[in-house]
Amino acid sequence: MKVGIVGAGMVGSAAAYALAMQGIASEVVLVDKDADLALAQAEDISHAVPFVSATTVRAGSYRDLDGTFVVILAAGVNQKPGETRLELLGRNAAVFREVVGEVLAVSPDTILLIATNPVDVMTHVATRLSGLPARRVIGSGTILDTARFRSLLGRHLGIAPQSVHAYVLGEHGDSEVLAWSNARAGSLALVSFADQVGKPLTEEVRAAIDDGVRNAAYKIIKGKGSTYYGIGAGLARIIRAIALDQRDILSVSIVTPEVVGITEVALSIPRVIGAAGVLSDLMPELDVAEASALVRSATILKESADSVPL
Ligand code: ADP
């Protein structure tokens, strides 16, 4: 299966590396307006391939994206000093105006996988620009926040993160909602499991986990400038679900007709992912506080998306 990546910076290259290491794609093509960067990343990653898989990793132009099954959009610009969030959004929307048209001209049937931040708003922008059905324009959304939530819960409970079933909903960002009330460990309610193993979820434990999930990116950026390995693996995880038609339940962002009373908003809830993209949306049962936090998150995202000039 051929995968395209537009934007060969830190996130795009980390996704290419994760795809190659897991042998998920037969071919990965990197495109960047900085052609030398795309070439260097492709060369570097392709030198890792002989140790593990048979994936072909190369740099190319938009023409080389023909026949792709999925194209990751990781292209974007960084915030300039003094620039507002909205101005940045406007510039990234301009990048997408150029990129989405180029991709669809050569690969009209592809699935777009959006990684550029703010990812929910950029997913909305890409959906509008592409005219593709919403289920084929998928934002990585809270896939990484959900992974962080499971990892911290697993660490506290002394079990593998894969045995924790818990999701982060809403925005990939400050207003995200950790859905504690429906979280499970194995088949047990989280609280019941925690009590049985003598690791109760006290207020302090919950607050520490909430902080660890919500502020993970800030801490990493402080230490090393940006985050990319985690999201690179998350993007590869979504592509595995698509490539193998796995029908996995993952928290990703697509424009959704209605969530908690807010219409036409791109945000994350658990969704079934397969070869056609998002196959169905799942609305978790939430307690009152979680539901109102999700309304707030959805409202922020809707207002943000409406404010982007297209
Ligand atoms: P991140 O950490 O999000 O990956 P980077 O700045 O490392 O951020 O990567 C973003 C990449 O997007 C850069 O390599 C940049 O050259 C690329 N890019 C920006 N605008 C465009 C565009 N219009 N077309 C293609 N690539 C672009």
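Cβ from N, Cα, C; glycine included.
Predicted automatically and left uncurated, TrEMBL annotations should be read as such.
Keep in mind the model is a prediction, meaning the values are calculated, not measured.
Among the features that TrEMBL reports, active site, proton acceptor is placed at H172. The NAD(+) binding site annotation in TrEMBL covers V11, D32, Y62, G76, V77, A115, T116, N117, S140. According to TrEMBL, the feature substrate binding site maps to Q79, R85, N117, P118, V119, D120, D145, T146, A147, R148, T227. Summarising the annotation, TrEMBL assigns beta-D-fructose 1,6-bisphosphate binding site to R150, H165. The domain 'Lactate/malate dehydrogenase N-terminal' annotation in TrEMBL covers 1-139. Residues or ranges marked as domain 'Lactate/malate dehydrogenase C-terminal' by TrEMBL: 142-306. According to TrEMBL, the phosphotyrosine annotation covers Y218.
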From the DSSP assignment alone, can you count helix, strand and coil residues within the domain 'Lactate/malate dehydrogenase N-terminal' (1-139)?
69 helix, 25 strand, 45 coil
Pairwise Cα distance maximum in Å, NAD(+)-binding residues per record: V11, D32, Y62, G76, V77, A115, T116, N117, S140:
22
Can you give me the Cα-Cα distance between N117 (substrate binding site) and Y62 (NAD(+) binding site) in Å, rounded to a whole number?
22
In the structure shown, with every protein chain counted, which of the binding-site residues Q79, T116, N117, T227 has the densest set of Cβ atoms within 10 angstroms of its Cβ?
T116
Which of these recorded positions (V11, V119, D145, R150, H172) have a C-beta closer than 6 Å to some atom of ligand 1?
V11
Roughly how many Å lie between the Cα atoms of Y218 (phosphotyrosine) and T116 (NAD(+) binding site), rounded to a whole value?
17
Expressed to the nearest Å, what is the distance separating Q79 (substrate binding site) and S140 (NAD(+) binding site) at their Cα atoms?
20
What are the sequence-distant neighbours of V77 (NAD(+) binding site), meaning same chain, six or more residues apart, C-beta distance under 8 angstroms?
L88, R91, N92, V95
List nothing but the one residue from H165, H172 whose Cβ has the fewest other Cβ atoms within 10 Å; the candidates are the recorded positions.
H165
